[in-house]
């Protein structure tokens, strides 16, 4: 081919040769950082004593990177990093906007708390089986899912976090865990396969996988392409991931079986990745279809809330009760997506961030309760209040927060959601939101009454020691919910911007296609 | 050709759903494997099936001469095959362990994590 006769082709339109700025690296750094630390820990499998320290350093670094990314996006708007400088729609773009950066930042906080909690919770055999590498690879998958700007890439990150979550779930190989993992594994695999089905159709219809490109092209294709089918498939796939009502049964079957810290991590991260993907696809890519599906979403959300909280009322196991509370929270977020508008979407994002913090902290509390009371059942747990007053106070605060009572972080999203529902005249949805909050208060109130308040048969002197590494992350997350409840203005303002950015993705598109959208 | 492929994908999906509705884990697993292949065929069909024109742009042209098959779905399927294969391997081992530990491959009898007839939570103290 030496004597090529091809005319000179102007490649400048497809390639950008300028090096990326330092700030742009922040978009991919969370993923690369976690993968690097994960790989490092896999190589150091003989020195498992060092694993927790390295993991905590890595996760603290991740919190820092995500904080910098968030600040940068608040200042300059969405940012895009393109692999190999192949421009979208051909290259795979990592695009971070406010919503993605907020989720990634809170996810990193939760993971750091879980990393600290794990010191006392994961024994040597857990470390030998690779808890810490799996945790870091899970975080790589979660960060990738929050920061990617490409639908197929999102699928790949889903699979990365799924395979590491299988590993974490089955860590310990008890009968219960194997049973839970079978159900979790099969159902989640079916959900991601549905996601892939939807993505296959999406590519056939749009000929592109870049989210900004899809958001732009959707308008022109709406009249004659089966976009409603796509939106429906995505709703089903992500609804299953997020444990929404008719497809939620894998969650209570599996979340109470692994190590406490694994439950806490899953409660904080995995369902919220599904919710984030649902918000991203339904609000940003298919706004018209979201509007048309809103009644279905509202019904699904209401049923999820009620079924979740009724399930929580019927449980006597601390952690299974919490599993149903996660589901109930997902219902509130779905209600927000159904209502739409800045209030609904903002409320949904706020509720999701709040739920990440609170559910993780509640699972930490269940672990400490099991340690103090030597039981996981609220039939036999008793007298925790007398065992450890500080822990009981923190748990009570979390019970308030998850019920949506002031002055904790659950209050504001609930107000936003109820107000948004009333504003569009969906009084019944507002009523269900309030009823779910009321029933949650009863469920957590009964939990507190039985496990903490009731006089225990065991004498106070026998209290086992409580390592500071278990109490500190619990206290930190609880104080964070209190601070967010008392002073929500900065977060509220950011979330309003994030919701506005989803509703009008022109800044997002501008960041992916700096020279204007190609024809 | 698309119509035949669509029919084939439909048959794959039918078989996969039928197998996944089974009570026995190994059949569910086979259903998942078939489902993965159904999706791969779906993506493949989504990228147009044209045998005649290769998706290569001639030296003196800027765009393809005629309607050609899209090459990207093959890359997507490659990714999806690797992923679904690794998941299949994991779930196969998991199923074996579950059969070994729980002494059953009937999902109705797998009630370790969610026992039947659990006592209700206390109504008062």
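Glycine residues also receive a Cβ, built from the backbone N, Cα and C atoms like all the rest.
For A:150-440, the entry in TrEMBL reads domain 'NADH:quinone oxidoreductase/Mrp antiporter transmembrane'.
The transmembrane segment feature in TrEMBL is assigned to A:54-74 (among others).
Counting same-chain residues at least six beyond the ends of the transmembrane segment (A:94-117), those with a Cβ under 8 angstroms from any Cβ of the stretch are 26-28, 30-31, 52, 55-56, 59-60, 62-63, 65-67, 69-70, 73-74, 77-83, 135, 139, 142-143, 146-149, 153, 211-212, 260-261, 264-265, 268-269, 272, 276, 279-280, 349, 352-353, 356-357, 360-361, 364, 367, 469-470, 472-474, 476-477, 480, 494-495, 497-499, 501-502, 507-508, 511-512. Per TrEMBL, transmembrane segment is recorded for A:94-117 (among others).
Same-chain neighbours of the transmembrane segment (A:129-148): 27-28, 30-31, 34-35, 37-39, 41-42, 45, 51-52, 54-55, 58-59, 62, 66, 92-96, 100-101, 103-104, 107-108, 111, 114-115, 118, 122, 154, 156-162, 164-165, 167-168, 171-172, 259, 262, 265, 269, 273, 276-277, counting only residues six or more beyond its ends whose CB sits under 8 Å from a CB of the stretch. According to TrEMBL, the feature transmembrane segment maps to A:129-148 (among others).
The transmembrane segment annotation in TrEMBL covers A:154-172 (among others).
Summarising the annotation, TrEMBL assigns transmembrane segment to A:184-206 (among others).
The annotation transmembrane segment is assigned in TrEMBL to A:226-251 (among others).
Here the transmembrane segment (A:260-283) has Cβ contacts under 8 Å with residues 99-100, 103, 107, 110-111, 113-114, 117-118, 121-122, 131, 135, 138, 142, 145-146, 151, 154, 158, 161, 165, 168-169, 171, 211, 231, 234-235, 238-243, 251, 289-290, 293, 319, 322-323, 326, 330, 333-334, 337, 340, 345, 348-349, 352, 355-357, 359-364, 366-367, 370, 502-503 of the same chain, all six or more residues outside its ends. Residues or ranges marked as transmembrane segment by TrEMBL: A:260-283 (among others).
The transmembrane segment annotation in TrEMBL covers A:295-314 (among others). Counting residues 6+ beyond its ends, the transmembrane segment (A:295-314) has Cβ neighbours under 8 Å at 235, 239, 243-246, 248, 252, 321-322, 324-339, 426, 428-429, 432-433, 435-436, 439-440, 442-443, 446 in the same chain.
Here TrEMBL flags A:321-342 (among others) as transmembrane segment. Taking Cβ pairs closer than 8 Å, the transmembrane segment (A:321-342) reaches residues 239, 242-245, 248, 251-252, 255-256, 263, 267, 271, 275, 278-279, 282-283, 290-291, 293-295, 297-298, 300-312, 315, 348-349, 351-352, 355, 359, 362-363, 366, 378, 402, 413-414, 416-417, 420-421, 423-424, 426, 429, 432-433, 436, 440, 443-444, 447, 496, 499-500, 503 in its own chain, all 6 or more past its ends.
Remote same-chain residues near the transmembrane segment (A:348-369) are listed as 99, 102-103, 106-107, 109-110, 113-114, 117, 121, 260-261, 263-265, 267-269, 272, 275-276, 279, 318-319, 322, 325-326, 329-330, 332-337, 376, 381, 384, 388, 391, 394-395, 398, 401-402, 408-410, 412-414, 416-417, 451, 466, 470-471, 473-474, 477-478, 480-481, 484, 491-492, 495, 498-499 (criterion: CB distance under 8 Å, separation of at least six residues from the stretch ends). Annotated transmembrane segment per TrEMBL: A:348-369 (among others), in sequence order.
According to TrEMBL, the feature transmembrane segment maps to A:389-406 (among others).
The transmembrane segment annotation in TrEMBL covers A:426-453 (among others).
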What same-chain residues lie close to the transmembrane segment (A:54-74): Cβ under 8 Å, and 6 or more beyond its ends?
23, 26-27, 29-30, 33-34, 37, 40-41, 44, 96-98, 101-102, 104-105, 107-109, 111-112, 115-116, 118, 132, 135-136, 139, 143, 494, 497
